[in-house]
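Undergrad: Quick one: the structure is below, questions incoming.
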Amino acid sequence: MKIRSVTTAAVLVLSFAVAGGMLLLNGLSVLAQDKIIAPGASDEMIDGFFKPFDTNNDRVISYEEFSVKQRSRFAQLDADKNGQLSLDEFTAEVQSKPDKLAKETTRFASLDKNQDGSLTPEEFEAPRRKQFDDMDANCDGQMSWPEFAATVRNKPMPKGC
């Protein structure tokens, strides 16, 4: 699959981030792993991915900016608003799709580190924190455009911390 425009690229990112996906930046992982974005992705295309996260337009993405939609997604899934996600809440959107239900049930179990049958916001967000930290090559707590671009191009920068 080849992406022909920034608009198409942005739609793909949003589709991956929203379409039943429980994890915000899973789209970037999928894009890189499936090589939908070629190693030679243009700066313009990468800007289409970067800008939605850089909410204050300072050309770096803080973890706060990176995780806003993740926290919003958690709140959306937390039907009883008790600050935790039950397995039923976590899998509510895929209850009628057995193949997806099995996958999300497995994902829930892997996220539930203390095995108490519910996810805290921290457990829910942990994979994204790791992904952010992996992309933050100089360990300054922010993801610069070059760090972001290197990851999208499937050529992460070496860690320098």
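Start at 1 and count along the chain as shown; that gives each residue its number.
Placed from the backbone N, Cα and C atoms, the Cβ positions cover glycine too.
As listed in TrEMBL for this protein:
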type: DOMAIN; residues: 65-100; note: domain 'EF-hand'
type: DOMAIN; residues: 123-158; note: domain 'EF-hand'
type: REGION; residues: 110-136; note: region 'Disordered'
Undergrad: Please spell out the DSSP helix, strand and coil residue counts for the domain 'EF-hand' (65-100).
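TA: Summed by class, the stretch gives 24 helix, 2 strand, 10 coil.
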Undergrad: What is the number of residues in the domain 'EF-hand' (123-158) that are helix, strand and coil, as DSSP sees it?
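TA: Computed counts for the domain 'EF-hand' (123-158) are 21 helix, 3 strand, 12 coil.
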